[in-house]
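Novice: Structure below; questions to follow.
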Amino acid sequence: MERNERSTPVPGKEKEVDIINIKGIEDIGYVQPDSILLNCLTPEENTGCQHGLYFQDGERRVDYILTYHIKKPSSSRSNRQSSRFTDNAFTRSLRRGTARLGRAPTPQPRGDPEVASQDHSMDYHVDDKRLHREEFEGNLRDMGMELEKDEDTKTPGVGFVKIHAPWHVLCREAEFMKLKMPTKKVYEMKQSTGVGAKINTLVNKVTEPLYPNVEDNRTHNVKHLSYMFSREKQHLFDLSDRDSFFDSKTRASIVFEVLKRTKCTKAKYSMGFTSLLGSGVYTDAYPLHDGDLDGENVEPNDRKLLYEEWASYSVFYKYQPIGLVRKYFGEKIGLYFAWLGLYTQMLIPASLVGVIVFLYGCATVDDNIPSMEICHPKNNITMCPLCDRACSYWKLKEACGTARASHLFDNPATVFFSIFMALWAAMFMEHWKRRQMRLNYEWDLTGFEEEEDHPRAEYELRVMQKSLKKEHKTQKNPTEIAEETTNKWKQTVQSAMAGLKLTEKEKLTCKDRLPAYMTNVVMMLLMIGVTFAIVFGVILYRISTKTALHMSNNPTTRSNVRLTVKTTAAIINLVVILILDEVYGAVARWLTVLEVPKTDKSFEERLIFKTFILKFVNAFTPIIYIAFFRGRLVGRPGSYLYVFESYRMEECAHGGCLMELCIQLSITMLGKQLIQNNLFEIGIPKLKKLIRYIKSKRRSFQEEEREKKLQRYETDHFLEPFAGLTPEYMEMIIQFGFVTLFVASFPLAPLFALLNNIIEIRLDAKKFVAELRRPVAARAKDIGIWYNLLRAVAKVAVIINAFVISFTSDFIPRLVYQYMYSPDGSMHGFVNHTLSYFNVSNFQDGKEPMDPQHQVEMCRYKDYREPPWSNTPYVISKEFWAVLAARLAFVIVFQNVVMLMSDIVDWLIPDIPKDISLQIHKEKILMVELFMKEEQGKIQFIDSMMPCGGKEKRNNHAPIARSRSIPHTHSHTHANNF
């Protein structure tokens, strides 16, 4: 166990002094006495220490954990290994001096030269990483952090560095990070009055059982006034309990910020924290969970409360404790679950309307005249073969079942539902903006602006390489080459320092990234081409399988050809989509890494955009083909369109392609939700956890005994690392596409999405609480690029639904027939109107049926073409152009009317709730009053301490003092206006 330092460097001083509990300095927040070692307690004496949440003294809390690999010492090197950890200060300083020059440390003398020569190359990398760790940890101590090592754990091969941020570091970093903290000032929140207040009170009483048993979820009438933390104004904040003033989430984020700023500068290249993780100097870094979830004598903690009131399936009907989620995981994760909860709530009315539309289709199927004509027993219409040679003529009444099923999703109510869902999407966007503003107010994020993040390690490395390369070119002349041979050490230091300085000025330009951009374009087009190729392959599968099944001798097989082909093709599409989703995710990350974005935010946004494009194309290309292309590139009997001169393009069923579109949508949507979103999320983390246990070589222990013997930081080490919110958002955005894009063909999509999300919320909650390491809390005031993607999907959904209604369904042809061609204004005769005639003698040689079951002269096919006895046989008829004109007109009218209505909804609903706007304004006034009172208190104190002459002299400068004390965002005049 590494010993604690006996002295603490005072900021601004070069010498180290022993600090012994200087209370006054501690209160200011500049130094913290850490030189006096507290009594080490045994695990039995201190429960917190036993669970690994505290240092060995049982007092200082572990705020962050770094892990590194420990090489297991062999018998031949055990003595050398022990001697390495007992090096004196002179040896360590000598090694650091050599590392500063960019050279490897001089190996220590070995007792056995043969063993030393064998282990030299292996020990070099181990020693190099150890020296980097020593330097980095020394720099952390210089930043004020307190560290404690633990290499004697139940986890073989892993060492742990426990980090604790003392009070003065927390205060300093909170001021640097501009954290808003609650002050002592408390004000009453204005409550609405009138009819609205009574309605809200009634609703709250009715929905009271739906709220979780969490204190943070209760509505409060008072709120603490928040202000950015300042060490000079600590008296404004309630510091009676310093241990709880900065909660564990805030402490971890502060430590993480310090880690990102700390660098190793003694090596040839400056290495930041992320570089150390990437190079293997440290293997993992994570904050600790607050405690255990279950077991005997488990102390109450936020994690346990979240597990019981949020991550349990038994509370699926309750609201989420968003306040507690934000308190434990941070604002960014809190916003995700708040958005997911609102999206799920908004799916309830959409599901109800979708079910009503579906039930309307079920109730009117027997009254639907076109399906009645198809199913009529006296219907003797003979249809042309569905494939060449193997298929025979068939009767139209055989499509009775398909026609009746198509009416369930192809009826006038689906047009209303499409309009409703477009307005629903607009309402959802506006509702979320208002909810987001309310959360920003409640979480003290008003006025928060994201500052530019630290450059990524990969970006810094590329800039360093560019700088050194440029410096190397400018210095290559004969005079400097001669200088280099005479003073090699000086040249090395100068070039390194010049490179470090150039990194501050240099940056990667578009020219530097041009190869990466070209690779991105080529690879994205290639991946999209792969998707199209697979869809084309599935088309060939459907064509060939349909022909093969028609040649079967089994009558049952021949009668269920369409259903068999549709279902199996949809399942194949689903499997391919699931596989390509994983491939495209890896490709998108690789392409983003090639671009070398500067910051983590830029990296995340570029990754999201690429992943969304690839996964969106992957999920919806088969659906778009069925909706808009299938059955339109067929030709006609006697002149069909062929692929590879042998595969005839497939046709839609007589009821249209809407039923097939519905089958493809339902299988893809349900399959992705059940397999990818739920099964993978449950199974893969548990499988990875099992693999980590096996790799730790602790299989001989029973699960319960192992958990009891592990410290908290060891237990968290075996949890799955947090990989970001991108996968969670992505699956919901794709689901949002299924709900809105083709909802005209599948009204039950919102219902299936609702059922999935009810499970998804609890599943994600359990994963975050029990399966994942605790993520570092990140502040955010919105959901970022995801909101723009949602708006884009909602806009595209209006256009796609307009085309689905116009071109995929028979809604427009029915209207055209009813109002232009029907003799009595009814739908009687519509089926016959949509069928054209074909003379079987006009079949191409070798394309007619081999064994026709019916001896016919004329067969019918679905199209608007002239009959064979006309002057222009098989030419597109005028009815086709009338229907096409009506379809295009409907698309234009539908799109403009629905988008206009959406814009009206957007305009009518304000982005900021009125009560929140008033409360924010009230907070500004109270803040000005607070500082005015503070300034007056200072003036009165100075007046009481100064003589009369001094008062007169001070009064001449009092206005200046007052104006300086008021925050620059408010003026004295502005305060008096209220």
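Backbone N, Cα and C atoms are what each Cβ position is placed from, and that goes for glycine too.
Pasting the relevant annotations from TrEMBL:
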type	residues	note
COMPBIAS	75-84	compositional bias 'Low complexity'
DOMAIN	325-923	domain 'Anoctamin transmembrane'
TRANSMEM	336-360	transmembrane segment
TRANSMEM	413-429	transmembrane segment
TRANSMEM	521-543	transmembrane segment
TRANSMEM	563-587	transmembrane segment
TRANSMEM	607-628	transmembrane segment
TRANSMEM	732-755	transmembrane segment
TRANSMEM	789-812	transmembrane segment
COMPBIAS	965-978	compositional bias 'Basic residues'
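Walk me through where these features lie, including what they touch and how far apart they are.
Specialist: Taking Cβ pairs closer than 8 Å, the transmembrane segment (336-360) reaches residues 319-320, 322, 325, 408-409, 411, 413-414, 416-417, 420-421, 424, 427-428, 431-432, 435-436, 439, 725, 728-729, 732, 736, 739, 743, 747-751, 753-754, 757-758, 760-761, 764-765, 783, 786 in its own chain, all 6 or more past its ends.
Sequence-distant contacts of the transmembrane segment (563-587) (same chain, six or more residues past either end, CB-CB distance under 8 Å): 523, 527, 530-531, 534-535, 538, 541-542, 545-546, 549, 557, 611, 614-615, 618-619, 622, 660, 663-664, 667-668, 671-672, 675-676.
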Novice: State the non-local partners of the transmembrane segment (607-628) in its own chain: residues 6+ outside its ends, Cβ under 8 Å from one of its Cβ atoms.
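Specialist: Hits for the transmembrane segment (607-628): 520, 524, 527-528, 531-532, 535, 538-539, 573, 577, 580-581, 584-585, 587-589, 591-592, 657, 660-661, 664-665, 668, 672, 726, 729-730, 733-734, 737-738, 741-742, 745, 785-786, 789, 800, 803-804, 807-808.
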Novice: Give the nonlocal contacts of the transmembrane segment (413-429) in its own chain as ranges (CB under 8 Å, at least six residues past its ends).
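Specialist: Apart from its flanks, the transmembrane segment (413-429) reaches 342-343, 346, 349-350, 353-354, 356-357, 360-361, 739-740, 743-745, 747, 750, 787, 790-791, 794, 797-798, 801-802, 804-805, 809, 811, 894, 898-899, 901-902, 905-906, 909.
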